Structures are given as C-alpha cells and as structure tokens.
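Below is one structure, written out as structure tokens; comments come after it.
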C-alpha cells in the first residue's frame, strides 16, 4: 500500500487503527529503501497530529505508541534517518502520558458533605455518570430497546420504588434515633482525648446525623416534618434522570436528505471544512446529509443522525427537541412549559409592583 493510500485511510476514523498497523508493518520491512522509509516517518507526524486533535481514544493512542516505538527503532538503526529521533521521541512521550493519565483513576474525596436525603432516609450517594462518549459516539452502536422492553423495565422498577418508600422512617423513629444519638454523644464526651482522635468515620457520620435531626426537631413542627419527609421521598423516587423518547417517525421521515453533488450544495451547508458533530469527519462531495430545524441549522451525515433520533428526540448539538410519538411525554412537556410561563409572569408582575394590595 502506498503512502498516499495510507494517508487517506488515516484521515478516516473507521480505518485509522488498521492504517496505523499497516504503517507499522511497512516501517519494519527491511527491503524498503531509505526515501520510502522517510516518507513513512513523515506519516508518523500526521498520526501524532490526528491523535492530539481528533482521535482521543485510548485504543488509538496505544496503536500510535506501538508505531512510534517501531519508528524510533528504525530511525536509530539508520544513520540517515536519525534526524527523526527527537520528533518521534516526543510523539511517544505524549502518547505514553495520555495513556498514563487515562488509566489513573482519581481518588474520590471522603470529605464530601452528605445531603439531607442521605442523612435522614439513608439514600445512597449519587453515582458518577458514565463516559462523556456515551452521550453521542457510543449511542450509534447501542441496541435500540423496543416498546415491550421499556414497559418491562418500568414494571420491574415499580416494586423497587414501592419498597424504598416503605423504608422511609416516621417521625417517631426519627425522634428515637435522636435520643440514641444524644446518648452516644454524651458517652463520647466522657472519653479521653486520645479516643476522640481515633473516632471512626461511622461515628462522625452519626454525629452529623444527630445534629441534623436535633435541628429539625427543634425548628419544625411534627406536621411540617412529615411534609418534609414526603417531599424527600418524592425526590428520591424521581432522582433517576429522565430519558427522552425517540423522535417521531413522521418527523424523522419528513427531514429532507441533501446530496452534496456540487460545490454549491456543499457551501449551502457550511462549506469545506464543515464537520459532522457526531463522527467529527469533514463533509465531502457525493455524501448525503440532513439538517435539523435548529437556529442555526445543524447538519449531520444521514447514517450518523438516524441512530441518534431512534433513541433521543433532541439535537445532538443544541438539544432542541423534536416532536415524539409519546403522548405522556408531550403532555408533561406542555404542562411544564405552561408552569414556567406562569412563574415568569408572576415574577414580572412582582418586579413591576403589580398584584400587591395594601
């Protein structure tokens, strides 16, 4: 395979890793003349540039690091190619630094303050979100759940939510906990300074919970405390992030497909250099694209946009929503929009001293 063909394969994400392996194999070929090897080493610079600017994937960086090591060995063995050693060494160092930072997992801080729901209801701490790639890139290969599977998941979640609601403590139980914590605090005060320094993390958590319960018991009447517990229970049941339904099939079918068969057509969607926000590849002539009705309009490859809209009804860039076939979701969205409008109207009225009677 020629160097020009390798360069074309490097420019595409789907063939990048295979092209790097092919480039590595050609550099290791002892029958190649020095000018051909120098041309291949020039492609190593392009690989390093693509890794830093477009392909932030650990698998790609590992392939690139293997390539740079082979190139360094080849340049070291050939006197005429030793001028490439500084560049190749810097490329290998950057790839190694990226892989080292990717494998190191930051320690979670143990000093995170607990929320009110965690102290009173024993709720688990919030879980960290998955990789940022799960929002766009990986959804292209994810299977699309059917309506029957979604209904089965909702039926499985309902008993779990009901069980969590049954575990919510009553006011009497909270007051009993308060008395127990006060007794533990009294016994803790009688211990020596050395024992206080050795207090475990569990005892510190109990002290924080006791302070919170004592504050609530002293400031809130029983009725308000019951209402607070109900509100915390509702928040706990609704803590799971809402998932947008797929876009309406009729809306997706109505999106026009634009074929970039001329320079004018390419200029109409942004011109040369415009990239698809999903795959990050530049738009080329003879490709088919679609535009979403955003402001400004965002353009995507057809094969990139269709899988996204099968799982999410929003634009991958600006999150502007398209209509869906889920009537419950549409009704809730309209209700929330009306409530937001009422709140804005009330805030505007108060800011102009309206509806304030003496």
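For all residues, glycine too, the Cβ spot is worked out from N, Cα and C.
TrEMBL tags one of the stretches 77-99, 100-122, 123-145, 146-168 as region 'Disordered', and that stretch is 146-168. Residue ranges 180-208, 209-237, 238-266 are listed, and TrEMBL annotates 180-208 among them as region 'Disordered'. Mapped onto DSSP classes, the domain 'RING-type' (276-319) shows 8 helix, 11 strand, 25 coil.
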